[in-house]
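Each remark here refers to the structure printed beneath this line.
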Amino acid sequence: MSRSGSGRIVVAAGGGVAALKTPFLLRRLREAGYEVRAAASERALRFTTETALAVAAGGPVGTEARWFAPEGGALHLELARWADLMVVAPATAAGLARAAAGLAEDLITATVLAGARRVLWAPAMNPEMWHHPATQANVERLRAWGHAFVGPEHGALAAVGEGEGLGRMSEPETIVEHVRHHLTPKDLEGYTVLVTAGPTREYFDPVRFISNPSSGKMGYAAAEAARDRGARVVLVSGPTHLPDPWGVEVVRVERAQEMYEAMLTRFDEADAVVMAAAVADWRPTETAPEKTPKQAGVNTVELVPTPDILAELGRRKKTGQVLVGFAMETQQGRERARAKLDKKRLDLIALNFPTRAQSAFGSEFNEVELIDPSGHVEVTGLRSKRDVADRILDRIHDLLARKEAERNAQ
Ligand code: CTP
């Protein structure tokens, strides 16, 4: 089952310069799989055009000029009933104030008031306006009614000479992430999921290390997917170029030993562990305190094994906890993965194929075989890492439910 976007989104542009980005948001939402309809306030059309919005939305734009149809339809009612989620991007200070006061004077606030099921505001304004107690009180009021917010963010402001500040509308990609979050069923609510990601670095002097090309994308996708499904998520990450996912507690580590300690201290809180990190199996016996000068001839580095984190978690696993590991194999994949599953006392293992071009290190895609202790194999096929993560979380969800039922029966 894919959890790629599904749902109906009304994107409403308010009257700010950030409305320039609204067509990009519509496009990104459609690319993510959502059905969209665009609406714009009269003022928004000073900053973007109806044509740009219509092309991006792939359909007509709801404007105030066409608010009431000659045959008697009212657009605010139709949009409010159609949408699973209404995204106001950009949301202006005035728009927030009208919504908080229940003033249905324009198409956007009328749609909000007409009962749009859920509303996500993406504010964009001058930082003073954002920080003003009036705006903050309006935001609080809307939040109390269950409305959600994304941004504003800190960065360069649109008006010339205004420099930087907290007032930029979040980028379309970030807004899409929040949309996904709001529309994902919260089937992991109440659970804590501990995820590892990325490589580890085993230093033999302060600037040189043994590592591997893991990008961390698989583990980050798992952390984000678990967050969107309502879990509390702790992500223990080796060095990556990826930004910290919002709404996730991120613990950055470098060495396998640090990852081991970080995991062990948090394991008791975890209902499930997704061990996606590519932990280096070896570390140099010694780390020289200074950079080692170049020497002529053959040089050797003595290596010792790093602690096997997952095996240790398997030893400490308590009834009810779910452990998922990964196996990266270039040959005899299923047998070797199965052996690791047994040895480390796992509930599930995801077998990867690092030498297949499309699912190699760093790819946006992955293809895994999910093997359980009964030997059953589920082949995911090539999918986005997010979809693979969701499939693993579906299995974790079922395992947690089963373990809970077993415990209740005891
Ligand atoms: N793993 C771990 N600690 C290590 C090495 C691996 O926790 N020191 C975890 C990985 O995160 C992965 C699983 O164990 O979830 C299997 O990793 P893999 O490298 O494929 O297996 P190894 O047990 O290291 O065996 P080998 O390298 O011999 O294939």
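Cβ coordinates are placed from backbone N, Cα and C, and glycine is handled just like the others.
The region 'Phosphopantothenoylcysteine decarboxylase' feature in TrEMBL is assigned to 1-192. Look at TrEMBL and you will find 8-182 tagged as domain 'Flavoprotein'. Sequence annotations record features per position, and here TrEMBL assigns domain 'DNA/pantothenate metabolism flavoprotein C-terminal' to 188-398. Here TrEMBL flags 193-410 as region 'Phosphopantothenate--cysteine ligase'. Here TrEMBL flags D281, K291, P307, D308, I309, L310, F326, K340, K344 as CTP binding site.
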Where the record says D281, K291, P307, D308, I309, L310, F326, K340, K344 bind CTP, what is the longest distance in Å from one Cα to another among those residues?
37
For F326 (CTP binding site), the three-state DSSP class is strand
List the residues of the same chain that sit at least 6 positions away from I309 (CTP binding site) in sequence and have their Cβ under 8 Å from its Cβ, in sequence order, or write 'none'.
T196, A256, M259, Y260, M263, M275, A277, V279
According to DSSP, does P307 (CTP binding site) fall in a helix, a strand, or coil?
coil
A 10 Å Cβ contact count, applied to the binding-site residues D281, F326, K344: which residue has the minimum?
D281
Residues satisfying Cβ distance under 8 Å from P307 (CTP binding site), sequence separation of at least 6:
A256, Q257, Y260
Confidence over the region 'Phosphopantothenoylcysteine decarboxylase' (1-192), expressed as mean pLDDT on the 0 to 100 scale, is 93
